[in-house]
Amino acid sequence: MTVLKEQPPRLLRGIPLAANDLRRTFGQREVLRGVDLHIPAGQFVAIVGRSGCGKSTLLRLLAGLDQPSGGELLAGAAPLAEAREDTRLMFQDARLLPWKKVIDNVGLGLSGNWRPRALEALDAVGLAERAHEWPAALSGGQKQRVALARALIHQPRLLLLDEPLGALDALTRIEMQQLIERLWRQHGFTVLLVTHDVSEAVAVADRVILIEDGAVGLDLVVDLPRPRVRGSHRLAALESEVLNRVLSVPGTPPEPEPVAPLPTHLRWAH
């Protein structure tokens, strides 16, 4: 398997992120309440929490799919909005166009001689031989690999992952986790992964952030060597620490997070 060709150093560096007093309200409901985050360039961060806690709203704000009610988002010293061209977002649904072949889905929106780059991206995710097939012929995991290739072709500096592995079976999910981790280590982009799976979070991330009732409840550094040994005592201890914090929060589960209409400048992994 080959890897994507060397790119200029600017494109290999992740984007440093900062959220300062970030707030988002929907009517009378405050979904995010003064979130403060500082994420170094190239860090792999997992965001976990109960359904409705605000984690998906946070990712939508980072992706530019929604606007904050207060506070600011920065990429280094500049507004995060200035880094949109270097940002890609993956969803649980691969969102492939069924009337376009795999390689055309990867090169969606590109012009010029993009096909060699698309083949390189597909090769990086192990699907070069499926380039000229239709999406309907692929499994769920393979479709997500295509979505990942569609992001990689743009050499993102920030990759936002909104439960991209949630619908996959256990073995395929682990394979995708390993693939994303390998590509992250290779290219050095910043990653934010929203997941309900605490074991997934501690297995792949440098840092696990727990969102509780719209605020940061726990910010845990996962200081373990890579590749990590699944089922190890140290990994299990970290998973238990996060789970115990989640389960210790009193009260009934919150309502589902509101979803604002998608803006016209939406950028998926394409």
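Heads up, residue numbers simply count up from 1 along the chain you see.
Glycine too: its Cβ is placed from the backbone N, Cα and C atoms.
Summarising the annotation, Swiss-Prot assigns domain 'ABC transporter' to 17-238 and lists sequence analysis as the type of evidence.
According to Swiss-Prot, the feature ATP binding site maps to Gly49, Arg50, Ser51, Gly52, Cys53, Gly54, Lys55, Ser56. In the three-state DSSP assignment, the secondary structure recorded for Ser56 (ATP binding site) is helix.
For 250-270, the entry in Swiss-Prot reads region 'Disordered'.
Taken from Swiss-Prot, the feature compositional bias 'Pro residues' covers 251-261.
Annotation for the binding-site residues Arg50, Lys55: lowest Cβ count within 10 Å of the residue's own Cβ, Arg50. Summary: among the binding-site residues (Ser51, Ser56), the fewest other C-beta atoms within 10 A of the C-beta are counted at Ser51. Using a 10 Å radius centred on the Cβ of Gly54 (ATP binding site) and all shown protein chains, the other Cβ atoms total 26. Across the binding-site residues listed here (Gly49, Gly52), the residue whose Cβ sits among the most other Cβ atoms within 10 Å is Gly49.
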